Amino acid sequence: MPTDDPLVLGGHKIASRLIMGTGGAGNLEILERALLASGTALTTVAMRRIDAASGTGVLDLLRRLGIEVLPNTAGCRTAAEAVFTARLAREALETDLVKLEVIADERTLLPDPIELLDAAEQLVDDGFTVLPYTNDDPVLARKLEGAGCAAVMPLGSPIGTGLGIRNPHNIAMIVEQTRVPVVLDAGIGTASEAAQAMELGCDAVLLATAVTRAGDPERMAHAMRLAVEAGRAAHGAGRIPRRYWATASSPDPDPGP
Amino acid sequence: MHVWINGERHELAVGASVLDALDALGAPRTGVAVAVDGEVIPRADWASARLAAAARIEVLTAVQGG
């Protein structure tokens, strides 16, 4: 079996193509089991005011498990807010990685493309390795890549919906035109959708809710790990062309006596 | 003098530093970031950066999310 190339985001080599989120887990013990079962090497966190009760618990957990921390700018609605949050994250976590999220409204949680591109340009200039959560829009993806982002991370469907990949053709177009890694981020509901993202040629999948809110998060995390590996292998193997009519897979029958 | 740390009023000595504000909150010195009046204060400046009366200090860390 050929060994797979590592995922490279800017200067960071990431040993797993399944990037996890930590949001939605009932407690840190459930989260720990899920992260271990997922095999992830990179996991998102949000930046919020420190709370005396929880302290730096999530961070301590990720460090103990040897998982690299990916701070996000969740909750930010403008480029200015996102840039400020990214700078705080860099100070707190001593990483140049940032998952850039600039959300337009609470109902859809869709990215605001204008603020997103503005924030991406500022953060690239400031030396960040910028991983933008973006719409499944090939034009915006191209502009984000042009701005110097280290990856583009199009959504499959809105955050937390579990509706899977609503426009696979857009994802395929983004994959086709993009030289930096493409990470399918948001909307995954179950393992087949994670495999589909990889079969479409995405370089990685980022998901949280599908695992953390599953009936059995640890088991679903394991399923996602297998799905990402299977989809990656299938993409690399080259699927057969689709045909209209059947093609026999056994030799023609022998002539009768 | 009084300052605001994460939205709550605290009394600190005149000339208090960012580190004094972290101590007032019982916050650790790793895994956190500090902004004063909307400006991120680099870790290297925490001991030397003096707080003004009524300063608004935000102390953030990583939480579950995304």
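Note that Cβ sites are derived from N, Cα and C of the backbone, with glycine treated the same way.
Nobody curates TrEMBL annotations by hand; they come from automatic prediction.
The secondary structure of A:Lys99 (active site, schiff-base intermediate with DXP), as reduced to three states from DSSP, is extended strand. Among the features that TrEMBL reports, active site, schiff-base intermediate with DXP is placed at A:Lys99.
Residues or ranges marked as 1-deoxy-D-xylulose 5-phosphate binding site by TrEMBL: A:Gly160, A:Ala186, A:Gly187, A:Ala208, A:Thr209. Around A:Ala208 (1-deoxy-D-xylulose 5-phosphate binding site), the C-beta neighbours below 8 angstroms that are at least 6 residues distant in the chain are A:Met20, A:Gly21, A:Thr22, A:Gly23, A:Gly24, A:Thr44.
The annotation domain 'Thiazole synthase ThiG' is assigned in TrEMBL to A:9-251.
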A Cβ under 8 Å from chain B is found, among the recorded positions A:Lys99, A:Ala186, A:Gly187, A:Ala208, A:Thr209, for A:Lys99, A:Ala208
Taking Cα atoms as reference points, which of the binding-site residues A:Gly160, A:Ala186, A:Gly187, A:Thr209 is nearest to A:Lys99 (active site, schiff-base intermediate with DXP)?
A:Ala186
In three-state terms from DSSP, label A:Thr209 (1-deoxy-D-xylulose 5-phosphate binding site) for me.
helix
Cβ density check for A:Gly187 (1-deoxy-D-xylulose 5-phosphate binding site), other Cβ within 10 Å (all protein chains) comes to 24
